[in-house]
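Engineer: Swiss-Prot lists 77-90, 279-291 with the feature NAD(+) binding site, giving sequence analysis as the kind of evidence. Sequence annotations record features per position, and here Swiss-Prot assigns substrate binding site to ARG98, ARG108, ARG137, ASP221. According to Swiss-Prot, the feature site 'Important for catalysis' maps to TYR144, LYS189. Annotation comment: Swiss-Prot describes ASP221, ASP245, ASP249 as Mg(2+) binding site, evidence class sequence analysis.
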Amino acid sequence: MKTYKVAVLAGDGIGPLVMKEALKILTFIAQKYNFSFEFNEAKIGGASIDAYGVALSDETLKLCEQSDAILFGSVGGPKWDNLPIDQRPERASLLPLRKHFNLFANLRPCKIYESLTHASPLKNEIIQKGVDILCVRELTGGIYFGKQDLGKESAYDTEIYTKKEIERIARIAFESARIRKKKVHLIDKANVLASSILWREVVANVAKDYQDINLEYMYVDNAAMQIVKNPSIFDVMLCSNLFGDILSDELAAINGSLGLLSSASLNDKGFGLYEPAGGSAPDIAHLNIANPIAQILSAALMLKYSFKEEQAAQDIENAISLALAQGKMTKDLNAKSYLNTDEMGDCILEILKENDNG
(Lines of atoms letter the chains of each structure in order from A and count residues from 1; the text may use other names and numbers.)
(Lines give C-alpha, C1' and ligand atoms only; values in the text may rest on other atoms or scores of the structure.)
Protein backbone atom coordinates (compact mmCIF):
# COMPACT_ATOMS: atom_id res chain seq x y z
CA MET A 1 0.00 0.00 0.00
CA LYS A 2 1.30 3.43 -0.96
CA THR A 3 1.73 5.94 1.84
CA TYR A 4 1.82 9.66 1.13
CA LYS A 5 3.50 11.89 3.71
CA VAL A 6 1.76 15.24 4.05
CA ALA A 7 2.91 18.21 6.11
CA VAL A 8 -0.30 19.72 7.48
CA LEU A 9 0.13 23.42 8.25
CA ALA A 10 -3.30 24.68 9.29
CA GLY A 11 -2.08 28.09 10.44
CA ASP A 12 -4.29 30.85 11.79
CA GLY A 13 -7.88 32.08 11.74
CA ILE A 14 -10.20 29.70 9.92
CA GLY A 15 -7.23 27.54 8.87
CA PRO A 16 -7.58 24.83 11.55
CA LEU A 17 -11.36 24.76 11.12
CA VAL A 18 -11.39 24.13 7.37
CA MET A 19 -8.30 21.91 7.49
CA LYS A 20 -10.18 19.49 9.75
CA GLU A 21 -12.79 19.01 7.03
CA ALA A 22 -10.19 18.45 4.31
CA LEU A 23 -8.41 15.78 6.36
CA LYS A 24 -11.75 14.07 6.98
CA ILE A 25 -12.35 13.84 3.23
CA LEU A 26 -8.79 12.68 2.48
CA THR A 27 -8.99 9.92 5.10
CA PHE A 28 -12.07 8.44 3.42
CA ILE A 29 -10.59 8.79 -0.08
CA ALA A 30 -7.47 6.92 1.04
CA GLN A 31 -9.59 4.01 2.29
CA LYS A 32 -11.54 3.88 -0.96
CA TYR A 33 -8.49 3.86 -3.22
CA ASN A 34 -6.31 1.64 -1.05
CA PHE A 35 -3.53 4.04 -0.17
CA SER A 36 -2.76 5.80 3.09
CA PHE A 37 -1.73 9.20 4.39
CA GLU A 38 0.76 10.08 7.06
CA PHE A 39 -0.44 13.47 8.27
CA ASN A 40 2.20 15.40 10.22
CA GLU A 41 0.88 18.61 11.72
CA ALA A 42 2.96 21.66 12.61
CA LYS A 43 2.44 25.31 13.50
CA ILE A 44 2.90 28.02 10.89
CA GLY A 45 2.33 31.76 10.69
CA GLY A 46 0.96 33.57 13.72
CA ALA A 47 0.49 30.35 15.67
CA SER A 48 4.19 29.64 15.18
CA ILE A 49 5.15 33.19 16.20
CA ASP A 50 3.20 32.75 19.44
CA ALA A 51 4.80 29.38 20.14
CA TYR A 52 8.36 29.79 18.84
CA GLY A 53 8.86 33.48 18.06
CA VAL A 54 9.11 32.94 14.28
CA ALA A 55 6.49 32.37 11.56
CA LEU A 56 8.39 29.40 10.08
CA SER A 57 10.52 27.38 12.48
CA ASP A 58 13.46 25.18 11.50
CA GLU A 59 11.52 22.18 12.81
CA THR A 60 8.54 22.92 10.59
CA LEU A 61 10.77 23.45 7.57
CA LYS A 62 12.47 20.10 8.22
CA LEU A 63 9.08 18.41 8.51
CA CYS A 64 8.14 19.84 5.11
CA GLU A 65 11.41 18.58 3.62
CA GLN A 66 10.57 15.07 4.84
CA SER A 67 7.08 15.18 3.30
CA ASP A 68 5.72 14.48 -0.18
CA ALA A 69 3.53 17.59 -0.19
CA ILE A 70 2.40 20.49 1.98
CA LEU A 71 -1.29 21.09 2.74
CA PHE A 72 -1.46 24.70 3.88
CA GLY A 73 -4.33 26.50 5.60
CA SER A 74 -4.07 30.25 6.05
CA VAL A 75 -1.93 32.66 8.03
CA GLY A 76 -2.15 36.14 9.47
CA GLY A 77 -4.46 38.36 11.45
CA PRO A 78 -4.60 41.71 13.25
CA LYS A 79 -2.89 40.21 16.30
CA TRP A 80 0.45 40.27 14.44
CA ASP A 81 0.01 43.48 12.43
CA ASN A 82 2.26 45.40 14.82
CA LEU A 83 5.30 43.33 13.80
CA PRO A 84 7.76 44.56 11.15
CA ILE A 85 6.44 43.67 7.69
CA ASP A 86 9.12 41.05 7.01
CA GLN A 87 8.26 39.27 10.28
CA ARG A 88 4.50 39.11 9.82
CA PRO A 89 2.90 35.69 9.23
CA GLU A 90 2.08 36.21 5.56
CA ARG A 91 5.53 37.44 4.55
CA ALA A 92 7.64 35.28 6.87
CA SER A 93 6.06 31.87 6.28
CA LEU A 94 4.58 31.42 2.81
CA LEU A 95 7.23 33.28 0.81
CA PRO A 96 10.17 31.43 2.42
CA LEU A 97 8.44 28.10 1.75
CA ARG A 98 7.97 28.99 -1.92
CA LYS A 99 11.61 30.03 -2.21
CA HIS A 100 13.03 27.06 -0.29
CA PHE A 101 11.21 24.48 -2.41
CA ASN A 102 11.55 26.44 -5.67
CA LEU A 103 7.79 26.49 -6.22
CA PHE A 104 7.81 28.20 -9.60
CA ALA A 105 4.34 27.25 -10.88
CA ASN A 106 1.13 28.59 -9.39
CA LEU A 107 -2.15 26.96 -10.45
CA ARG A 108 -5.45 28.69 -9.71
CA PRO A 109 -8.65 27.00 -10.90
CA CYS A 110 -11.81 29.04 -11.45
CA LYS A 111 -15.06 27.15 -11.92
CA ILE A 112 -18.53 28.64 -11.74
CA TYR A 113 -20.97 25.96 -10.62
CA GLU A 114 -24.42 25.94 -12.23
CA SER A 115 -26.02 26.07 -8.79
CA LEU A 116 -24.04 29.19 -7.87
CA THR A 117 -24.78 31.48 -10.79
CA HIS A 118 -26.48 33.85 -8.34
CA ALA A 119 -23.16 34.42 -6.55
CA SER A 120 -21.22 35.49 -9.65
CA PRO A 121 -21.31 39.10 -10.91
CA LEU A 122 -21.48 37.80 -14.50
CA LYS A 123 -24.75 37.62 -16.41
CA ASN A 124 -26.50 34.26 -16.57
CA GLU A 125 -26.26 34.08 -20.36
CA ILE A 126 -22.46 34.30 -20.05
CA ILE A 127 -22.17 31.74 -17.25
CA GLN A 128 -24.49 29.24 -18.95
CA LYS A 129 -21.86 28.64 -21.63
CA GLY A 130 -19.70 27.07 -18.90
CA VAL A 131 -16.81 28.59 -16.96
CA ASP A 132 -13.96 26.24 -15.97
CA ILE A 133 -10.54 27.90 -16.20
CA LEU A 134 -7.09 27.04 -14.88
CA CYS A 135 -4.66 29.95 -14.57
CA VAL A 136 -1.05 28.74 -14.68
CA ARG A 137 1.21 31.53 -13.42
CA GLU A 138 5.01 31.64 -13.37
CA LEU A 139 5.83 32.46 -9.76
CA THR A 140 9.56 33.04 -9.29
CA GLY A 141 10.70 35.16 -12.25
CA GLY A 142 9.75 38.27 -14.15
CA ILE A 143 9.32 41.86 -13.09
CA TYR A 144 8.86 41.13 -9.38
CA PHE A 145 12.36 39.68 -9.21
CA GLY A 146 14.22 41.90 -11.68
CA LYS A 147 16.53 44.80 -10.97
CA GLN A 148 14.69 47.89 -9.76
CA ASP A 149 15.44 51.40 -8.63
CA LEU A 150 13.39 54.21 -7.11
CA GLY A 151 15.00 57.61 -7.56
CA LYS A 152 13.80 61.14 -6.92
CA GLU A 153 13.00 61.85 -10.56
CA SER A 154 12.56 58.40 -12.04
CA ALA A 155 12.06 54.72 -11.25
CA TYR A 156 12.32 51.45 -13.11
CA ASP A 157 11.55 47.75 -12.81
CA THR A 158 13.11 45.12 -15.04
CA GLU A 159 11.42 42.02 -16.43
CA ILE A 160 13.87 39.23 -17.23
CA TYR A 161 12.91 35.70 -18.24
CA THR A 162 15.16 32.87 -19.37
CA LYS A 163 14.18 30.19 -21.87
CA LYS A 164 14.45 27.59 -19.10
CA GLU A 165 12.03 29.47 -16.84
CA ILE A 166 9.48 29.79 -19.62
CA GLU A 167 9.83 26.21 -20.84
CA ARG A 168 9.26 24.59 -17.45
CA ILE A 169 6.09 26.59 -16.73
CA ALA A 170 4.85 25.96 -20.27
CA ARG A 171 5.14 22.21 -19.77
CA ILE A 172 3.07 22.47 -16.59
CA ALA A 173 0.37 24.25 -18.60
CA PHE A 174 0.36 21.72 -21.44
CA GLU A 175 0.36 18.74 -19.07
CA SER A 176 -2.57 20.31 -17.22
CA ALA A 177 -4.45 20.82 -20.47
CA ARG A 178 -4.07 17.12 -21.27
CA ILE A 179 -6.31 16.19 -18.33
CA ARG A 180 -8.74 19.02 -19.09
CA LYS A 181 -10.15 20.36 -22.39
CA LYS A 182 -6.84 20.32 -24.28
CA LYS A 183 -6.50 24.04 -24.92
CA VAL A 184 -3.84 26.53 -23.81
CA HIS A 185 -3.98 30.30 -24.20
CA LEU A 186 -0.63 32.05 -23.81
CA ILE A 187 -1.38 35.46 -22.33
CA ASP A 188 1.24 38.07 -23.23
CA LYS A 189 1.95 41.53 -24.62
CA ALA A 190 4.12 40.47 -27.56
CA ASN A 191 3.18 43.56 -29.56
CA VAL A 192 5.30 45.75 -27.25
CA LEU A 193 7.36 43.62 -24.82
CA ALA A 194 10.56 41.79 -25.75
CA SER A 195 10.04 39.35 -22.88
CA SER A 196 6.64 38.42 -24.32
CA ILE A 197 8.21 37.78 -27.73
CA LEU A 198 10.55 35.29 -26.06
CA TRP A 199 7.58 33.69 -24.31
CA ARG A 200 5.91 33.13 -27.69
CA GLU A 201 9.04 31.62 -29.22
CA VAL A 202 9.67 29.22 -26.33
CA VAL A 203 6.03 28.20 -25.86
CA ALA A 204 5.61 27.56 -29.59
CA ASN A 205 8.62 25.26 -29.44
CA VAL A 206 7.28 23.40 -26.38
CA ALA A 207 3.93 22.99 -28.13
CA LYS A 208 5.61 20.74 -30.72
CA ASP A 209 5.78 18.07 -28.01
CA TYR A 210 2.03 18.40 -27.38
CA GLN A 211 0.40 17.95 -30.78
CA ASP A 212 -2.88 17.01 -29.06
CA ILE A 213 -3.14 20.44 -27.39
CA ASN A 214 -4.55 23.50 -29.14
CA LEU A 215 -2.32 26.55 -28.49
CA GLU A 216 -3.65 30.07 -28.96
CA TYR A 217 -2.18 33.50 -28.20
CA MET A 218 -3.95 36.45 -26.63
CA TYR A 219 -2.81 39.89 -25.51
CA VAL A 220 -3.30 40.46 -21.80
CA ASP A 221 -5.61 43.46 -22.22
CA ASN A 222 -7.92 41.41 -24.44
CA ALA A 223 -7.74 38.50 -21.99
CA ALA A 224 -8.85 40.76 -19.14
CA MET A 225 -11.88 41.73 -21.23
CA GLN A 226 -12.71 38.19 -22.39
CA ILE A 227 -12.70 36.87 -18.80
CA VAL A 228 -15.83 38.92 -18.10
CA LYS A 229 -17.27 38.94 -21.63
CA ASN A 230 -16.70 35.40 -22.89
CA PRO A 231 -14.90 33.25 -20.26
CA SER A 232 -16.06 29.96 -21.78
CA ILE A 233 -13.38 30.26 -24.49
CA PHE A 234 -10.65 29.56 -21.94
CA ASP A 235 -9.34 26.26 -20.62
CA VAL A 236 -5.74 26.76 -19.43
CA MET A 237 -4.33 30.30 -19.30
CA LEU A 238 -0.51 30.43 -19.28
CA CYS A 239 0.83 33.67 -17.81
CA SER A 240 3.98 35.40 -16.67
CA ASN A 241 4.23 36.40 -13.01
CA LEU A 242 2.77 39.89 -13.40
CA PHE A 243 -0.02 38.99 -15.82
CA GLY A 244 -0.94 35.89 -13.83
CA ASP A 245 -1.06 37.87 -10.60
CA ILE A 246 -3.57 40.30 -12.07
CA LEU A 247 -5.73 37.86 -14.05
CA SER A 248 -5.97 35.25 -11.28
CA ASP A 249 -7.48 37.94 -9.02
CA GLU A 250 -9.94 38.85 -11.76
CA LEU A 251 -10.90 35.19 -12.02
CA ALA A 252 -11.42 35.16 -8.25
CA ALA A 253 -13.88 38.03 -8.60
CA ILE A 254 -16.10 36.25 -11.15
CA ASN A 255 -16.13 33.03 -9.14
CA GLY A 256 -18.59 34.27 -6.53
CA SER A 257 -16.79 33.47 -3.28
CA LEU A 258 -13.23 33.20 -2.00
CA GLY A 259 -14.43 30.11 -0.15
CA LEU A 260 -14.40 28.20 -3.45
CA LEU A 261 -10.90 29.09 -4.64
CA SER A 262 -8.09 26.57 -4.33
CA SER A 263 -4.49 26.86 -5.48
CA ALA A 264 -1.34 24.83 -5.99
CA SER A 265 2.30 25.91 -6.12
CA LEU A 266 4.60 23.31 -7.70
CA ASN A 267 8.27 22.67 -8.39
CA ASP A 268 9.77 20.57 -11.19
CA LYS A 269 9.91 17.44 -9.02
CA GLY A 270 6.16 17.24 -8.41
CA PHE A 271 6.42 18.59 -4.89
CA GLY A 272 3.71 21.10 -4.13
CA LEU A 273 2.15 23.43 -1.59
CA TYR A 274 -1.64 23.43 -1.70
CA GLU A 275 -3.75 26.15 -0.12
CA PRO A 276 -7.03 28.04 -0.34
CA ALA A 277 -6.72 31.33 -2.19
CA GLY A 278 -8.65 33.26 0.48
CA GLY A 279 -7.27 34.63 3.73
CA SER A 280 -7.42 33.60 7.37
CA ALA A 281 -10.70 35.51 8.02
CA PRO A 282 -10.02 35.99 11.76
CA ASP A 283 -13.38 37.74 12.22
CA ILE A 284 -15.25 34.46 11.65
CA ALA A 285 -12.63 32.03 12.93
CA HIS A 286 -14.66 30.97 15.98
CA LEU A 287 -18.13 31.04 14.43
CA ASN A 288 -18.01 27.69 12.56
CA ILE A 289 -19.39 29.31 9.39
CA ALA A 290 -16.29 29.33 7.15
CA ASN A 291 -16.60 27.61 3.78
CA PRO A 292 -14.32 24.52 3.76
CA ILE A 293 -14.68 23.89 0.01
CA ALA A 294 -11.53 25.80 -1.02
CA GLN A 295 -9.45 23.77 1.44
CA ILE A 296 -11.04 20.51 0.28
CA LEU A 297 -10.46 21.44 -3.37
CA SER A 298 -6.83 22.23 -2.51
CA ALA A 299 -6.55 18.71 -1.13
CA ALA A 300 -7.98 17.42 -4.42
CA LEU A 301 -5.31 19.37 -6.31
CA MET A 302 -2.70 17.66 -4.13
CA LEU A 303 -4.10 14.27 -5.10
CA LYS A 304 -4.05 15.24 -8.77
CA TYR A 305 -0.66 16.92 -9.13
CA SER A 306 1.66 15.52 -6.45
CA PHE A 307 0.24 12.00 -6.13
CA LYS A 308 -1.25 11.43 -9.63
CA GLU A 309 -4.49 10.14 -8.07
CA GLU A 310 -6.66 11.81 -10.71
CA GLN A 311 -9.77 9.68 -10.15
CA ALA A 312 -9.68 10.28 -6.40
CA ALA A 313 -9.45 14.02 -7.05
CA GLN A 314 -12.33 13.83 -9.52
CA ASP A 315 -14.48 12.04 -6.92
CA ILE A 316 -14.00 14.95 -4.52
CA GLU A 317 -14.78 17.55 -7.18
CA ASN A 318 -17.91 15.64 -8.23
CA ALA A 319 -19.10 15.35 -4.62
CA ILE A 320 -18.71 19.10 -4.12
CA SER A 321 -20.64 19.82 -7.33
CA LEU A 322 -23.43 17.51 -6.22
CA ALA A 323 -23.61 19.02 -2.74
CA LEU A 324 -23.94 22.52 -4.19
CA ALA A 325 -26.52 21.32 -6.73
CA GLN A 326 -28.57 19.99 -3.80
CA GLY A 327 -28.55 23.48 -2.30
CA LYS A 328 -26.11 22.61 0.46
CA MET A 329 -24.12 25.79 1.01
CA THR A 330 -22.27 27.74 3.67
CA LYS A 331 -23.19 31.29 4.73
CA ASP A 332 -20.97 33.01 2.16
CA LEU A 333 -23.05 31.40 -0.60
CA ASN A 334 -26.51 31.56 0.97
CA ALA A 335 -26.96 33.78 4.02
CA LYS A 336 -30.62 32.79 4.46
CA SER A 337 -30.21 29.03 4.65
CA TYR A 338 -26.77 27.60 5.28
CA LEU A 339 -24.70 24.80 6.76
CA ASN A 340 -21.94 25.29 9.31
CA THR A 341 -18.35 24.41 8.41
CA ASP A 342 -18.43 20.88 9.81
CA GLU A 343 -21.90 20.22 8.39
CA MET A 344 -20.67 21.15 4.92
CA GLY A 345 -17.74 18.77 5.30
CA ASP A 346 -20.08 16.03 6.51
CA CYS A 347 -22.39 16.60 3.55
CA ILE A 348 -19.55 16.18 1.05
CA LEU A 349 -18.32 13.11 2.91
CA GLU A 350 -21.78 11.50 2.86
CA ILE A 351 -22.06 12.02 -0.90
CA LEU A 352 -18.66 10.37 -1.35
CA LYS A 353 -19.83 7.40 0.73
CA GLU A 354 -23.11 7.11 -1.18
CA ASN A 355 -21.21 6.97 -4.47
CA ASP A 356 -18.61 4.52 -3.20
CA ASN A 357 -18.79 1.38 -5.30
CA GLY A 358 -15.73 -0.09 -3.63
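Here the Cβ of each residue, glycine as well, is placed from N, Cα and C on the backbone.
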Engineer: Can you tell me the CA-to-CA distance separating ASP81 (NAD(+) binding site) and ARG137 (substrate binding site), as a whole number of Å?
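Structural biologist: It is 29 Å, counting Cα to Cα.
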Engineer: Using DSSP reduced to three states, classify TYR144 (site 'Important for catalysis') as helix, strand or coil.
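Structural biologist: The three-state answer is helix.
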Engineer: Please name which of the recorded positions listed here, GLY77, ILE85, TYR144, ASP221, ILE289, is nearest in space to ASP245 (Mg(2+) binding site), Cα against Cα.
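Structural biologist: Considering only the listed recorded positions, the nearest one is TYR144.
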Engineer: Just name the winner among GLY77, PRO89 (the binding-site residues) by count of other CB atoms within 10 A of its CB.
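Structural biologist: In terms of Cβ crowding, the pick is PRO89.
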Engineer: Can you give me the residues near the recorded Mg(2+) site, meaning same chain, not ASP221, ASP245, ASP249 themselves, Cβ no more than 8 Å from the center of the site's Cβ atoms?
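Structural biologist: In sequence order, the nearby non-listed residues are VAL220, ALA224, LEU242, PHE243, GLY244, ILE246, LEU247, SER248, GLU250.
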Engineer: Return the member of TYR144, LYS189, ALA281, ALA285 nearest to ARG137 (substrate binding site) in space, with distance defined Cα to Cα and candidates limited to these recorded positions.
Structural biologist: TYR144
Engineer: Counting distance between Cα atoms, which of the recorded positions ARG108, TYR144, ASP221, ASP249 is nearest ILE85 (NAD(+) binding site)?
Structural biologist: TYR144
Engineer: Would you mind reading off the Cα separation of ARG108 (substrate binding site) from ALA281 (NAD(+) binding site), to the nearest angstrom?
Structural biologist: 20
Engineer: What whole-number distance in angstrom separates the two most remote CA atoms of the substrate-binding residues ARG98, ARG108, ARG137, ASP221?
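Structural biologist: Overall maximum Cα spacing for these binding residues reaches 28 Å.
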Engineer: If you count other Cβ atoms within 10 Å of each one's Cβ, which of the binding-site residues ILE85, ALA281, ALA285 has the most?
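Structural biologist: Of the binding-site residues ILE85, ALA281, ALA285, the most buried by Cβ count within 10 Å is ALA281.
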Engineer: Just the number: how many Å between the Cα atoms of ASP221 (substrate binding site) and TYR144 (site 'Important for catalysis')?
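Structural biologist: Between the Cα atoms of ASP221 (substrate binding site) and TYR144 (site 'Important for catalysis'), the distance comes to 19 Å.
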